[in-house]
Amino acid sequence: MPDDEKTPEEQEREQQQQQKKKKGQQGSRRFLDSITTMSDDAAGGRFWRKQKLGSRDYSLEERNAEAGDGEGRGGGGSINEGVSTEYRTYKRRWFGLAQLTLMNIIVSWDWMTFAPVASHAASYYDVNESTINWISTAFFLAFVAVFPISIAILHRGPKLAFMTAAVLILIGNWIRYAGATKKSGGNVAHAMAGEIVIGFAQPFILAAPTRYSDLWFTNRGRVAATALTSLANPFGAALGQLITPLWVSKPSDVSNMVLYVSILSTVCCVPAFFVPAKPPTPVGPASETPKLSLRASVGVISSSLEIWLLLIPFSIYVGFFNSISTLLNQMLNPYGFSDDEAGIGGAILIVVGLIASAISSPIIDRTKSFLFAIKLLVPAIGISYLVFIWMPQTRDLAGPYVVLAILGASSFALVPVALEYLIELSHPLSPEVTSTIAWAGGQLFGAIFTIISDALIEGPNANPPKHMKRALVFQAVIALVVMPIPLCLGLFGRQDKIALRRIHSDEEVRPRTVVTTNP
């Protein structure tokens with residue numbers, strides 16, 4: 001139709017369409033240019049590039065302008081023009097989540113290889129039980145030794161961290177088996193060296209859940225995703241405590257047990273090399289917010305009182321959980337409990353905790369009541385350690401099992417809440433910074449508490465011989481001392497310091513965005 005025959009409304013509409021098309025073509029060229037410099041990978045960037053994943057060095061408005069009309073990419077105009085911005089979540093995120101869960105399970109099972117059968121392992125390697133405890137302690141210290149490296153690698157994106165952990169787990173397991181090929185006895189040096197190498201792997205995956213959930217999930221699913229992958233780690237310990245005693249009934253069985261664990265570890269690690277590096281497009285505003293550099297992050301953490309009010313108790317309670325998981329058999333055995341009964345107690349500690357976290361995490365995801373949950377769960381943990389002092393002396397299964405169930409439920413429910421709340425308090429720090437520091441503190445305290453508790457074991461002439469009541473008193477006292485620390489969050493006129501910064505950054509843009517799900 002000639003222009004002079006068109007109505008004014010039709011002419012105006014045609015001009016708007018031409019301007020939008022022109023802008024989209026220009027934006028598409030800029031977008032393609034930026035993608036070319038960032039990556040050759042259609043999935044969103046090679047993981048070894050210097051630029052870290054998930055934070056482009058420009059604003060959200062510029063990102064939207066780049067997308068143009070981008071019908072296939074979910075653009076739709078800039079925020080300034082009042083046009084919706086479409087963010088997409090991708091089904092492929094579940095593959096990475098499943099792999100991260102598997103690797104957290106197996107690395108923790110590797111840690112618990114010898115502790116549930118400490119007496120048989122000591123006989124097999126011809127050492128005392130304290131040496132077996134030191135193998136577990138070395139695992140904790142290995143985490144602390146390499147956690148700065150893991151922060152730097154996770155800062156680039158989770159895929160390289162997955163691959164690094166997989167390689168280290170494979171090497172460590174087969175080093176251990178190289179010293180356990182004979183049923184007549186093994187080489188404890190191989191066991192120690194392999195355990196240390198596996199310990200080097202742990203920070204790359206134990207600290208990855210918050211980084212992965214920030215990159216792939218919206219704020220309606222991050223707590224649940226972090227809970228699933230983080231709590232897979234103690235679930236692996238529960239499997240080790242339950243299954244390892246079934247495989248080992250005498251010292252010569254240790255050889256086959258180490259082989260079985262090595263095979264399982266190999267199977268669980270291979271898929272790590274096929275995990276997508278990052279989503280093709282950001283899943284939400286917070287995931288593309290430019291993050292502070294590592295150097296700036298250290299400055300923010302060191303000067304934030306609120307972060308330390310949560311970091312300190314989190315690290316201490318994780319340390320005690322690691323210690324009690326390592327020494328539970330030795331805490332219960334002197335009072336007539338068998339290795340199997342102690343293993344079931346450890347499984348109750350973890351399985352009940354997993355159930356509690358599975359219930360609480362979706363609720364926290366919806367309500368965002370992080371602080372209320374923390375102030376409810378921390379006292380429950382402290383009181384549980386206090387009551388547990390007298391449970392082994394009952395010589396009855398009910399008492400220890402009930403207290404371990406309460407301790408597990410409160411501890412496991414706290415983990416994802418505390419990790420996600422640390423990220424909220426520290427936003428726009430990259431998530432791996434606070435989570436890795438928190439876990440490193442937990443591993444360090446786990447090593448310290450295990451060493452101290454081992455030193456507090458009574459002698460063979462005590463009644464009963466080699467009981468650990470002094471160690472139980474020690475952990476209860478420390479747990480109660482740190483209990484008031486997180487309860488101070490938001491008090492003394494510092495309510496403004498506990499704002500949910502990442503959630504607020506999402507909500508500022510949410511009215512102008514559309515979220516969809518793609519393969």
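Placement of Cβ uses the backbone N, Cα and C atoms for every residue, glycine included.
Among the features that TrEMBL reports, region 'Disordered' is placed at 1-38. Look at TrEMBL and you will find 1-15 tagged as compositional bias 'Basic and acidic residues'. According to TrEMBL, the transmembrane segment annotation covers 94-112, 132-153, 160-179, 191-212, 224-248, 254-275, 296-322, 342-363, 370-391, 397-421, 433-452, 472-492.
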**Message:** As a test: from 191-212, 224-248, 254-275, 397-421, 472-492, pick the stretch that has the greatest number of Cβ pairs under 8 Å with the transmembrane segment (94-112).
**Reply:** 224-248
**Asked** Hey, does the transmembrane segment (132-153) touch the transmembrane segment (397-421), meaning at least 3 C-beta pairs closer than 8 angstroms, sequence gap 6 or more?
**Response** no
**Request:** Please work out which recorded stretch in 132-153, 191-212, 254-275, 342-363, 370-391 has the most C-beta pairs separated by under 8 angstroms from the transmembrane segment (224-248)?
**Result:** 342-363
**Spatial neighbours of the transmembrane segment (254-275) far in sequence, C-beta under 8 Å, 6+ residues away** = 95-96, 99, 102-103, 105-106, 109-110, 113-114, 117, 120-121, 124-125, 158-159, 162-163, 165-166, 169-170, 173-174, 176-177, 180-183, 186, 191, 244, 247-248
**Prompt:** Against which stretches of its own chain does the transmembrane segment (433-452) lie, if we need a Cβ under 8 Å and a gap of at least six residues from its ends?
**Reply:** 133, 136-137, 140-141, 143-144, 147, 150-151, 154-155, 202-203, 206-207, 209-211, 294, 297, 301, 307, 311-312, 314-323, 326-327, 418-419, 422-423, 426, 471, 474-475
**Complete:** Near the transmembrane segment (296-322) in space but 6 or more residues beyond its ends, with Cβ under 8 Å, are 140, 234, 374, 378, 381, 385, 411, 414-415, 418, 421-422, 425-426, 429-430, 433-434, 437-450, 475, 478-479, 482-483, 485-486, 488-489, 494, 497-498
**Request:** Grab the same-chain neighbours of the transmembrane segment (160-179) for me: Cβ-Cβ under 8 Å, and only residues 6 or more beyond its ends, written as numbers and ranges.
**Result:** 47-48, 96, 99-100, 103, 106-107, 110, 113, 150, 153-154, 186-191, 193-202, 204-205, 208, 211, 258-259, 261-262, 265-266, 269-270, 272-273, 275
